[in-house]
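The feature domain 'Thioredoxin' is assigned by TrEMBL to 23-148. The annotation signal peptide is assigned in TrEMBL to 1-31.
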Amino acid sequence: MEKSRKPKIKATPPMPIILLLLLCIFETGISSTADQFKVDGKVLELDESNFDLAISSLTYILVDFYAPWCRHCKLLSPQLDEAAPVLAGLKEPIVIAKVNADKFTRLASKHDVDAYPTLKLFMHGVSMEYYGPRKADSLVQYLKKFVSTDVSILISDSAISDFVEEAGTFFPIFIGFGLNETVLSNLAVKYKKRAWFSVAKDFSDEAKVLYDMEKVPALVAIHPNYKQQSIFYGPFE
C-alpha cells in the first residue's frame, strides 16, 4: 500500500542581493538629499556640485551671489541670517542660500552675475532678479508676496485691516468688496508678482466710509507707498 504524499510547498526564493543593494542605495540617496537641503532656518552654502539640485528640490529659494571681499556683501550677510528662520517658518517656506561667486565663477557666469552682491529668487526652478529691500524685516515682508495665496478671503473689518497692514508698502493692494473671488482669480494669477489681491466677503458700513465707497460691489485699489487710492465700480466681467 502506497503512502499518501504531502504536497510540497515551494519556498519563495530570497530577494536577489543586487536588488537589495539597489534599494538601500536608493533610500540612502533620498534621505541624504532631504538632509542636505533641510529647511531649518539656516542659510545654505551652495556650490557647483549641489546648486542645480537645490533649486530643483526647493520650491522657493533666494540665492545670494557674493564675494568674500565685498563690503556690501558683508553688510548683507547678517540680514540674511536674521531673515532665514522667519522665511523658513512660513506656510510655504522660502530658503535662503549663498554662493561664493568669486570662487565659483562658472556658476556665477551661468546665472548672469556680474556684480556683488546679486540676489536671485528661484521659484519652481525658474529665476527672477530680486530688487526688493535688503533689511531683514523688510525683506521678509517683501518675499511673503511670492508665497501668498492668489486671492485672500477677508471676512471682517479686522481681517481687512490686518491684510492691508501685513501687505506692507511695496506692492499695490486690490480689495474687492462684495465681489466673488473668481472675478479676481485670473488677474491674481497673472500679476501675483506685482500686487496683492483680496476679496472682502463681510464688512461694515464703517469700512465703506473708510474706503470712501459709494456702493458695492466695488474694487478698491491702494498703493500705500504713494498714499493713493482709486475705486472701480464695474463692469467686472
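Glycine residues also receive a Cβ, built from the backbone N, Cα and C atoms like all the rest.
Just so you know, TrEMBL annotations are computer predictions that nobody has curated.
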Handout entry: Counts by DSSP class (helix H/G/I, strand E/B, coil) across the domain 'Thioredoxin' (23-148)
Key = 57 helix, 26 strand, 43 coil
Fill in the blank from the handout: Over the domain 'Thioredoxin' (23-148) the mean pLDDT stands at 89
